[in-house]
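As recorded in TrEMBL:
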- 20-143: domain 'EamA' (DOMAIN)
- 43-60: transmembrane segment (TRANSMEM)
- 72-93: transmembrane segment (TRANSMEM)
- 99-117: transmembrane segment (TRANSMEM)
- 129-149: transmembrane segment (TRANSMEM)
- 155-173: transmembrane segment (TRANSMEM)
- 156-288: domain 'EamA' (DOMAIN)
- 185-205: transmembrane segment (TRANSMEM)
- 217-239: transmembrane segment (TRANSMEM)
- 246-266: transmembrane segment (TRANSMEM)
- 272-290: transmembrane segment (TRANSMEM)
């Protein structure tokens with residue numbers, strides 16, 4: 001990770017991948033809000049589908065022969081576990097709060113990413129801290145409005161925040177793992193670990209994971225092709241060359257994409273206070289990440 005220039009604009013190819021990724025993950029919130037499948041089951045099937053689609057490419061690469069590759073596979077498993085926990089928090093948040101508020105709070109992961117670098121010895125400018133302050137004021141505006149409406153919404157906001165922290169860990173570990181693995185191998189292991197973790201939770205809680213109506217399976221397929229392959233996998237490909245801080249910044253654009261989809265598909269019109277909160281969140285976090293000067297640290 002120390003090899004990255006964390007404020008450099010990626011090449012056109014990577015910007016294209018990131019754009020596709022934003023569109024892909026932007027479909028996630030509305031689909032999750034629409035589905036009635038239990039959360040652990042939805043996570044299990046979504047990630048199992050992603051793992052199976054990527055597995056043939058991983059098997060062809062045969063990246064398990066060297067010690068560094070095997071260590072990277074272990075890191076990939078760790079990333080998969082964090083991804084499962086992130087999904088559980090995010091999926092639950094989508095059912096407790098609005099799509100716009102939930103995706104906005106979950107998109108705080110660049111803040112947690114920057115904190116990671118700060119704790120590891122990175123230096124962050126005062127202007128960047130100012131951007132973070134703007135972002136957190138915006139978060140308070142969003143959560144404050146939801147709290148006044150319903151304690152259920154506020155619980156959803158807290159779950160989305162926890163999901164953001166877990167997503168930052170997943171992205172940072174994934175960036176390190178892909179220093180020694182191809183994206184196909186990394187995503188196969190990561191998604192498979194995530195699906196196994198979700199299956200364990202499903203069985204332990206006695207949650208239904210079979211015998212759903214056709215509509216639910218179509219939503220799962222939409223999640224696999226959209227959020228999983230078009231979304232997460234495009235981000236993971238870009239992570240081989242682009243700083244995880246920059247990738248996390250781009251994820252902010254998931255918020256307006258999800259809000260637009262939710263408006264047309266679910267008729268979710270955000271309260272007046274949430275709209276300036278989302279705008280402030282995007283502006284504040286954008287300033288924070290773009291102005292963060294991170295000095296090289298040892299991995």
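Cβ coordinates come from backbone N, Cα and C, glycine included.
Predicted automatically and left uncurated, TrEMBL annotations should be read as such.
Averaged across the domain 'EamA' (20-143), pLDDT for the predicted model comes to 84. For the domain 'EamA' (156-288), residue counts in helix, strand and coil come to 107 helix, 0 strand, 26 coil, using DSSP. Distant neighbours of the transmembrane segment (217-239): 10, 14, 17-18, 20-28, 31-32, 34-35, 37, 42, 45-47, 49-50, 53-54, 171, 174-175, 178, 183, 186-187, 190-191, 247, 251; these residues of the same chain sit at least 6 beyond its ends, with a Cβ under 8 Å from one of its Cβ atoms.
By the count of Cβ pairs under 8 Å, the stretch nearest in packing to the transmembrane segment (155-173) among 43-60, 72-93, 185-205 is 72-93. Among the recorded stretches 43-60, 185-205, 246-266, the one sharing the largest number of Cβ pairs closer than 8 Å with the transmembrane segment (72-93) is 185-205.
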